[in-house]
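Student: The active site, nucleophile annotation in TrEMBL covers 393. TrEMBL lists 103, 435, 454, 455, 476 with the feature L-glutamate binding site. Residues annotated as compositional bias 'Acidic residues' in TrEMBL: 362-375. The domain 'FIMAH' feature in TrEMBL is assigned to 577-658. If you look up TrEMBL, you'll see 362-391 marked as region 'Disordered'.
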């Protein structure tokens, strides 16, 4: 992976003047463009951390690691070190797409019937969520380190700095976090989380200042001692002890044995585009690709994006996909999954014949993809419950100046996970094991060391072999359909990226129910109900899609953050103006021996900026090579500038010259 040669990050920058020229982002923080990088997340502070990394020549993977740690702090109800996830990485230099799988595992003491009561009935879902049995062995940290070792070139410890300072100094709570705290006060009050989010028994409010000292100390401990502090030290022991206090079976040995995996994506083709998505133990990729294959048998593009005919086709395709999802998918280390059969053209043709133009199919059952495999299924069949709530998660996506791309979905499952916080360490623990089927016997039954089925669907769409669009979403079982809606909007309805994300989405898993977002026309809903569909009484938000689209002709990244959270897309364009801003930051951070050093650099860059604005590339290149670079080297030789600041500015000068030649 192409990388910057050097990096420096002073954490205070992450909380003060993070941006370069954010005029466009200030007008609409949800959409931005950049020539040399883009970050789109569900929280503006995390996006700013990412943009600052890109500004300092970090690559997409290093930036993703810093962003994830920041999200752990500012969006603690959605993801964190107590959870897991799936990172998809496109390595431009190798032209290769790879997955880091940090899905949580069941502890060795997990049992298939652990979510059944004494009478053999399923324990209510909300009771399961807050039990120690719901907590899977966390994988996030090992996944981040695995990615860092494979693609990163910056110190892992350095990438934690912005998050540590955010946790230690605090930040202003937004309405999303305040609402989540208020809605989950009972869950949070059962553990050390009460002291953080419900001081004196009352939930923090929007605008309050949240400081997470224990979390900051834990991150600093990991920063100083490495991942052994977590997977073979006091943090891991505290996690195991806490889980056992809540009647779970997790031990230090379970934590010590955890390892993230490197996987290959599942691939499919739709309307001439190649699509890479997530394989089992996530159901997201196979289900998305199967639904797109089913949809391709119908000319959905002939309908308007809000026509009843289009919504009918989407709902029918969704139900077919989810029927197979619940029946056949699980952890491939434990069960055979019919990868070939689920996407086999003859099977797709057979399943698409179950979609009728004039009525909803009320009899959707799983098909038989094993007929297109060379083996028999290794598991039985159980009826899968329809769970309460959608679960929550976070998704973000990043590109860099070398063409690398990251599409990353991370989670602790429900909002605030299990609600169990490790005392003195500030880590919220997941309830990921409730993603297993409560009733034993199926592909997704509980087994020791097994990974529960997920719906996470980080995806990259390729056009003529080059990354065209990244997409992903939180939202539990709605994730797959959120991504499906957006891909359909872009490819079949020729929508721009923001229009595709903001268009009202629908979600259906089972006949006859359809969840819907505000904006689905009443007329279309009436027509669908006449066909046998039933819409939820009220609209709801379905997912939170973060996406980047690549315009290879113009060399521009477009990033869009979904409007149903307080996210932001921030682009980075390397030019003399961005370098001026960076020199000003370095001066504030004390990277120069004196004010004159910074002033001399700024004078040269201001002159270069003048020629750049005139479009005189020849003079820009000459002044950068003969003036700025010579001055920079002189300052470095005489100890007037820190080595790291020098290396960053030198790399940016070389890159700018390369762009203009």
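Every residue, even glycine, has its Cβ placed from backbone N, Cα and C.
TrEMBL: automatically predicted annotations, no manual curation.
Surface or core, plus neighbours and distances: that's what I need for these features.
Tutor: The C-beta environment of residue 393 (active site, nucleophile), restricted to residues of the same chain at least 6 apart in sequence and closer than 8 Å, consists of 78, 79, 85, 409, 410, 411, 413, 456, 473, 474, 475, 476, 479.
Listed in sequence order, 86, 103, 278, 281, 282, 283, 284, 411, 435 are the same-chain residues at least 6 apart in sequence whose CB falls under 8 Å from the CB of residue 454 (L-glutamate binding site).
The DSSP breakdown of the compositional bias 'Acidic residues' (362-375) into helical (H, G, I), extended (E, B) and coil residues amounts to 4 helix, 0 strand, 10 coil.
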Student: Check the domain 'FIMAH' (577-658) for me and report the mean pLDDT.
Tutor: 92
Student: Mind checking which residues of the chain, 6+ beyond the ends of the compositional bias 'Acidic residues' (362-375), have their Cβ under 8 Å from one of its Cβ atoms?
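Tutor: For the compositional bias 'Acidic residues' (362-375), the far contacts come to 319-320, 323-324, 326-328, 336, 338, 340-342, 344, 346-347, 350-351, 354, 381, 510-512, 532.
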Student: Within 10 Å of the Cβ of residue 455 (L-glutamate binding site), how many other Cβ atoms can you find? Include all protein chains, please.
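Tutor: By my count, 29.
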Student: If you run the three-state DSSP split on residue 103 (L-glutamate binding site), which class comes out?
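Tutor: DSSP call for residue 103 (L-glutamate binding site): coil, neither helix nor strand.
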Student: What is the Cβ neighbour count of residue 103 (L-glutamate binding site) at a 10 Å cut-off, with all protein chains included?
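Tutor: The answer is 30 other Cβ atoms.
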Student: Around the C-beta of residue 435 (L-glutamate binding site), how many further C-beta atoms are within 10 angstroms, looking at every protein chain?
Tutor: 25
